[in-house]
Amino acid sequence: MAPTHVLRCCQRGLAWIPVIFIALVVCWSYYAYVVELCIFTIPSIGEQIVYLIFFHLSFIMFVWSYWKTIFTKPANPSKEFCLPKAEKERYEKEELPESQQEILWRAATSLPLYTRTGAGAIRYCDRCQVIKPDRCHHCSACDMCVLKMDHHCPWVNNCVGFSNYKFFILFLAYSLVYCLFIAATVLQYFIKFWTNELPDTHAKFHVLFLFFVAAMFCISILSLFSYHLWLVGKNRSTIEAFRAPVFRTGSDKNGFSLGFRKNIAQVFGDQKKYWLLPVFTSQGDGLTFPTRLVNSDVEQATVTLQPEPSKSAAEVPVSPLSESQNRLLSNDQHANNIGEHLANNTLKSAESETITISVESES
């Protein structure tokens, strides 16, 4: 038992190595830019001031978002998704998967669950002993279930999920701005040192290496940032991009997509003034998410309703509908009521005409 505990502590310590590496690179880049470039290399005072102002703005936003991504604790399922003590004991005693699923189906009747396993069963984590909410997955590195898990990032030593996904996007954005600004402003002095227009000083190594590092990080961050922007626009996580979520009607890669604007608001919130700040503004609680009752891409003009498969009430428990589903169902019911009302009026008018004709014929 003791060796396992020691091994776990060693793994947690080693997991901070990538974060320490990034911190050392950032500290060196600050020294190289501020001291070696702005103070010892750039001759113009005005140019120094302008460069230092914009550099510190990008540096502060980059460090702030990076800090929030690292130290924001991943959100976990609430207690309502845990099995009651009696049901948990019955579940552990059962050996047949069918009997275990019956227990999970009964426990999930009051939970807002719309996704299933590939076999159509309730998603349950034996490690954490909780019924997984929609878009929740177990992280083996963090050893916990994480709400709306995207991936485990070694560069922040944390799980990227519902609680810090906005911070992660901003971290990528501001790190890209930071590297682009350094590369753009260092380029002319890089060329001068490379062509020996400037004398060889101790600043030459820092300036040359600073440009190479900034350009290298720019290329890698740009591809990752572009990919996650695409995911935000589609309202998918990295896990869902590789494996489409399974609903009652089958797998649907666009099951959580609500349209581009609403997808953006899901991550960044409704108030645009907070979009660029690393403060939490994401919509919802991470336990439930609006879903669509249609099985087609929201970017297409036409959609088709997807019927529910015929199952008995004992097989499929009724779960509460999301807000978007309630709105769609209420609109359908309203349309049906209007149709019934018009049909009744038509029948009444037809009956009155028949009575009038019969009276005139008798007279």
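Glycine is treated like the rest: Cβ placed from N, Cα and C.
According to TrEMBL, the features are:
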TRANSMEM  12-33  transmembrane segment
TRANSMEM  48-67  transmembrane segment
DOMAIN    123-242  domain 'Palmitoyltransferase DHHC'
TRANSMEM  167-191  transmembrane segment
TRANSMEM  203-227  transmembrane segment
REGION    304-326  region 'Disordered'
Selected stretch (most C-beta pairs under 8 A with the transmembrane segment (12-33)) from 48-67, 167-191, 203-227:
203-227
Six or more residues out from either end of the transmembrane segment (48-67), which same-chain residues have a Cβ under 8 Å from its Cβ atoms?
22, 26, 30, 33-34, 37-39, 42, 156, 167, 170-171, 173-175, 177-178, 181-182, 185, 276, 278
Using DSSP, how many residues of the domain 'Palmitoyltransferase DHHC' (123-242) fall into helix, strand and coil, respectively?
68 helix, 16 strand, 36 coil
Across the domain 'Palmitoyltransferase DHHC' (123-242), what is the average pLDDT of the model, as a whole number?
96
